[in-house]
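Engineer: In case it helps, Swiss-Prot gives these features for our protein:
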BINDING   Asp19, His20, Gly21, Lys22, Ser23, Thr24, Asn136, Lys137, Ile138, Asp139  GTP binding site
DOMAIN    7-189  domain 'tr-type G'
Amino acid sequence: MTDVPVSRLRNFCIIAHIDHGKSTLADRLLQDTGTVAGRDMQEQFLDNMDLERERGITIKLQAARMNYTAADGESYVLNLIDTPGHVDFSYEVSRSLQACEGALLVVDASQGVEAQTLANVYLALENDLEIIPVLNKIDLPGSDPERIKEEIEAIIGLDTSTAIACSAKTGLGVSEIMQAVVDRIPPPADTLDEPTRALIFDSYYDSYRGVIVYFRVISGRISTKDKVLLMASKKSYELDEIGVMSPDQCEVNELHAGEVGYLAASIKAVADARVGDTITLLNAPADEPLPGYTEAKPMVFCGLFPTDADQYPDLREALDKLQLSDAALKYEPETSSAMGFGFRCGFLGLLHMEIVQERLEREYDLDLIVTAPSVIYKVNMIDGQMLMVDNPATLPDPQKRESIEEPYVRMEIYAPNEYNGTLMGLCQERRGEYIDMKYLTTERVTLIYELPLAEVVTDFFDQMKSRTKGYASMEYHLIGYRRNDLVRLDVLINAEKADPLTTIAHRDKAYSIGKGLVEKLKELIPRQQFKIPLQASIGSRIIASESISAMRKDVLAKCYGGDISRKKKLLKKQAKGKKRMKAMGKVDVPQEAFMAVLKLNQTS
């Protein structure tokens with residue numbers, strides 16, 4: 001299986017925006033090369049998680065090995081490394097690009113070039129990959145291949161004279177793509193005689209065999225007899241098995257430079273086999289690891305709490321297990337007076353957060369409360385210290401701090417130009433700073449804004465999509481921190497501070513957010529036997545308040561006429577009971593209330 005000469009290997013990936021047909025094209029390639037039998041075929045074959053199929057997105061990286069007989073009669077081995085297209089998962093894209101020599105750039109022939117496509121193309125160009133433009137969905141009535149070719153040339157600067165038109169759905173043009181992969185993507189460098197180095201581009205946890213590591217051999221060879229050393233974690237392992245994915249795992253004895261495969265070595269946690277780490281041989285280690293890996297940094301933080309306190313150990317275990325397959329997920333224990341014990345978790349972005357939450361609820365049967373997402377703020381203290389704060393409730397008091405800095409992103413929005421005004425309005429509402437506007441073609445425009453990450457992480461994406469009927473797409477990257485007039489907005493329910501509802505807001509927006517918040521809570525918190533005051537405060541100053549009136553029992557129902565003092569006595573007794581109840585009473589805050597905070601931050 002592995003005696004393929006390096007010259008007949010091709011490693012490639014598919015770059016595409018969400019919904020441009022990447023997973024469908026991958027399915028078609030698997031089917032056309034006979035890698036997957038027709039009867040086993042299902043849509044989005046490489047998307048293993050149910051969640052991926054439902055949302056129609058690729059989250060975890062997959063790889064597949066295909067045998068293909070080219071026009072010259074030679075048999076080639078093609079390794080397809082499937083990549084996610086969503087901006088949150090760009091770290092997964094960057095590492096899979098390092099494992100390839102070429103890429104298929106798939107563009108929807110009716111939609112044109114979108115934001116994430118561009119971000120990933122630039123990553124691919126940085127890695128010196130050979131890029132083959134592919135126009136997909138040409139069977140659709142709205143497709144306009146010539147216009148899209150001009151767009152690709154104008155925006156990316158790629159020559160599209162050899163672009164391939166195809167329809168992944170019907171299979172049209174797929175054989176031309178296979179031939180182009182063989183003809184135009186270079187084979188891996190012939191480095192069989194150099195010290196063994198292999199790049200880990202993905203790993204997942206298998207409950208029977210431990211961590212399964214997907215890797216690409218960059219130089220030398222690896223066989224089942226070898227002991228391997230992971231250069232970043234400095235841990236060594238004996239190999240249990242190595243093999244290739246076609247796309248089901250298939251064991252082999254040896255893999256050499258240029259090949260893509262998997263290994264199992266009873267590795268206990270994914271943290272020991274970090275993605276981007278270099279595998280080398282224990283007996284003959286390489287001098288230095290492969291360059292270019294940076295650890296994924298969480299950008300968005302939120303609290304996760306079980307609704308039932310007894311589920312806390314289960315939540316810890318579930319997060320431990322999820323982290324085995326998701327190296328970008330960070331978490332630490334957190335306690336809150338209102339919610340009890342839970343965890344503060346860090347994510348790459350909002351989609352990543354939603355997916356982790358959904359996987360916890362679905363795969364581990366947990367019922368969770370999620371607090372409003374926040375970002376990392378830099379707080380400069382009066383005594384000269386600098387703190388990094390990811391939880392608004394832990395922000396120091398105003399008298400102790402000198403200033404707060406928040407992360408800013410540079411955002412590029414691509415959209416048809418009739419939506420210009422509404423998009424500029426949206427960015428303005430979110431404290432955006434206009435930088436530039438470029439016309440890509442006569443119909444499409446790029447808006448460039450710099451805005452606070454905190455304004456982006458909640459529902460900016462949803463708002464952008466709804467205001468442009470789904471036609472706009474965006475891409476952003478961090479550009480640094482800026483000082484702003486920010487305040488901590490606390491919410492008091494029945495005179496008790498509710499930590500999970502605390503947010504950090506700009507002073508100009510604080511009043512409207514606070515007012516909206518208490519009004520929303522008034523709708524969502526069920527009435528109790530006693531009156532509940534709801535207040536929003538900045539420091540000790542109350543800026544907005546509402547109250548939920550008490551339910552009361554008619555204690556006078558059994559008094560017919562009679563003496564007024566009898567009625568007064570009963571009413572007095574009731575008032576006394578209510579007072580005691582108010583002092584002792586706990587108010588349960590429903591999950592919707594926490595989610596309302598997110599929406600409010602934005603609409604104000």
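Glycine is no exception: its Cβ is also placed from the backbone N, Cα and C atoms.
What does the local environment look like for each feature on the list?
Structural biologist: Reduced to three states, the DSSP call for Ile138 (GTP binding site) is coil.
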Engineer: Let's check the environment of Ile138 (GTP binding site): how many other CB atoms sit within 10 Å of its CB?
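Structural biologist: Looking across every protein chain shown, the total is 19.
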Engineer: Asn136 (GTP binding site) has how many other Cβ neighbours within 10 Å of its own Cβ?
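Structural biologist: Taking all protein chains shown, Asn136 (GTP binding site) has 29 Cβ neighbours within 10 Å.
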